[in-house]
Each structure stands twice: as structure tokens, then as C-alpha cells.
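I have placed the structure first, in the form of C-alpha cells, so that the comments after it can refer back to it.
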């Protein structure tokens with residue numbers, strides 16, 4: 001292939017790019033009209049059920065050359081820009097910048113919206129409750145470490161709803177200003193990250209001191225100031241703090257996944273593949289929990305998760321958190337919720353939202 005052939009092909013790409021831009025302009029014009037309708041009707045500017053519909057369409061495509069994950073990433077940014085055109089939303093997340101929660105927020109909402117970092121899960125909830133943010137992103141459970149109890153506890157007295165979920169593959173990396181492992185004397189990270197990389201650290205840095213930090217991103221910030229220090233953190237943190245990546249994927253177990261929740265104030269419409277989250281307490285008597293589980297069985301509802309937490313009202317009293325298949329607007333889920341309300345001292349609907357599509 002000579003230069004003339006290359007220029008001819010590039011000219012074809014330029015024409016295609018111009019067509020894409022023209023179509024995006026037409027799409028944006030329609031988006032602005034949709035934004036007006038949403039504003040007039042008081043509808044949410046973020047519609048996770050519509051988002052999932054688009055992802056399902058992309059999944060169904062038979063492509064020859066384009067990678068589907070790359071195509072989804074492109075549409076994620078198109079949707080992000082579209083939301084901003086309708087309304088420039090603010091997303092609160094458990095920070096600081098470059099944490100896995102920040103990564104989850106960007107994966108869900110793209111890079112066009114406004115993000116504000118908070119120091120605690122409680123602050124993220126308060127941001128949404130007090131309209132300082134339109135949505136919040138918080139961790140709820142990890143496949144290795146288990147449930148994030150503080151997030152569960154916040155739902156007891158909060159009026160926010162779960163509107164979406166995100167699953168993020170957790171990949172730990174060793175970052176440093178140093179150029180080799182032999183220079184490292186101290187390793188900083190969040191306690192969970194240190195625990196999840198214990199075997200790797202013992203094998204490759206047996207003499208290094210391990211120090212805990214409040215987040216993996218904070219660890220990277222500390223390591224950026226000391227050439228004999230390293231951090232277990234994300235690749236995003238390496239870019240943010242200009243750190244070398246000394247080792248990638250140092251977690252001891254694969255399939256390390258964290259589930260995050262998007263909290264807001266509206267209930268998404270049914271998408272066809274939804275989850276509903278509830279919380280309830282039970283009477284202290286024999287067979288109480290069995291009778292509750294039987295309600296889901298009788299209504300042919302699949303229970304996908306159950307957790308218990310102390311109620312903090314009286315000793316040995318517990319609140320149960322459950323995820324079930326289905327949407328609150330479906331007859332079976334609605335009936336189960338009504339049945340539950342008749343037999344328990346306390347029940348609360350936490351949200352119905354589309355199941356995560358990777």
C-alpha cells in the first residue's frame with residue numbers, strides 16, 4: 001500500500017466521521033426536545049431503564065469488526081453528553097478522586113456530568129437527601145469482603161431510593177515513584193486492599209512495612225511524596241498522581257467484584273429485567289423468618305440476596321435486607337409487599353431498578 005492508497009482510505013474515514021457528526025447533531029436536537037418534555041412532566045433526567053434498553057440493543061448486534069465493549073463505551077459517552085444537554089446533573093460519590101467508587105460513577109454516568117467527592121457514605125446520602133446532588137454512588141458489597149454495613153444502615157432512616165446498580169471488577173496495582181520493587185520499604189493502602197493482596201506482598205515484598213489508609217486513592221497520594229513508598233491502588237490513581245505501575249493485577253483471588261448502588265429520589269420504570277430491594281423487621285417468635293420467606297415463595301418470587309443487621313432499637317433485634325427479582329409495579333411483587341406489610345412490624349421499599357448489564 002502506498003501513501004496515495006492511505007490518503008484515499010483516510011478520506012473515506014473523514015466522510016464517515018462527518019456523517020457521524022451530522023447524525024449526532026440531529027440526535028442532540030431530539031435530546032433537547034426530550035429534555036423539555038421531561039422538565040414539563042417532572043420526569044427524571046436520568047432513566048436507567050432506557051439506558052439498559054440501549055445496552056441490550058447493542059448486545060444483540062452482530063458485528064464483524066467493532067468490539068462490543070468499545071461500542072458500549074462510545075454510547076456511554078453519547079448518553080452522558082445527552083443527559084448534560086437535558087440537565088447538567090451532579091453526581092456525589094465516596095471519594096477521593098480515583099477510588100473504585102469514582103470509577104464506578106464514571107462507568108455509570110460518563111465524563112460529561114459534574115462529580116463531587118465526599119469523605120463518607122453518610123455525606124453522599126445527605127447530598128442526595130438535601131438536593132446538593134442529583135444522584136449518589138456508594139459501595140454495597142464485595143465478592144470477597146462481603147457487605148458494606150454502613151451503606152445498609154443508612155437506608156433505615158433515609159428517604160432515598162436505589163435507582164441503579166454497577167458491578168466493577170477490582171484490579172489492584174502496585175504504584176510508586178520508584179522504578180523497581182527493590183526500592184520499596186513501605187506499602188500503603190486501604191485495609192481491604194492490603195488483605196486482598198496479602199500473598200503477593202508476602203512473596204514479592206516480604207520486608208516492606210504495610211500501613212493502612214482511608215482509601216486506595218489516599219495511599220497513592222501518599223506514595224507520590226516518597227520514592228521508597230508504594231501504594232496498592234487503581235490505574236486511574238497512577239495517572240492522577242504520576243506514579244509508575246510496578247505490578248498489575250496483584251490481588252490474590254480473581255473474580256474480585258464490588259457492587260455499587262446509585263441512589264436518587266425517583267423510581268425507574270420497569271425495564272423487563274429488574275431487581276427490587278426491601279428491608280423489614282420480624283416478630284421474635286418461632287418460624288417468623290420462615291413465614292416471611294414463604295410469602296416470596298407463594299408469589300413465585302426469586303430471592304437473590306438476604307442480609308441482617310442489628311436494628312439498634314433493642315438488643316437482639318434485627319433488620320433484614322433482601323433483593324428480589326421483579327419490579328414493584330408487577331402484580332407478584334406488589335402482592336408480596338402487601339402481604340409482608342400485614343405480618344411484620346416494619347417494612348420499607350428501597351427501590352426497583354434494572355439489573356446491571358456489563
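Any Cβ shown, glycine's included, is placed from N, Cα and C.
Predicted automatically and left uncurated, TrEMBL annotations should be read as such.
Looking just at the domain 'Chorismate mutase' (1-90), the mean pLDDT is 94. Under the heading domain 'Chorismate mutase', TrEMBL lists 1-90.
Positions annotated as domain 'Prephenate dehydratase' by TrEMBL: 90-265.
As annotated by TrEMBL, site 'Essential for prephenate dehydratase activity' applies to 258. The Cβ of residue 258 (site 'Essential for prephenate dehydratase activity') has 22 neighbouring Cβ atoms from other residues within 10 Å, across all protein chains displayed.
For 277-354, the entry in TrEMBL reads domain 'ACT'.
Residue counts for the domain 'Chorismate mutase' (1-90) under DSSP, helix first, then strand, then coil, are 71 helix, 1 strand, 18 coil.
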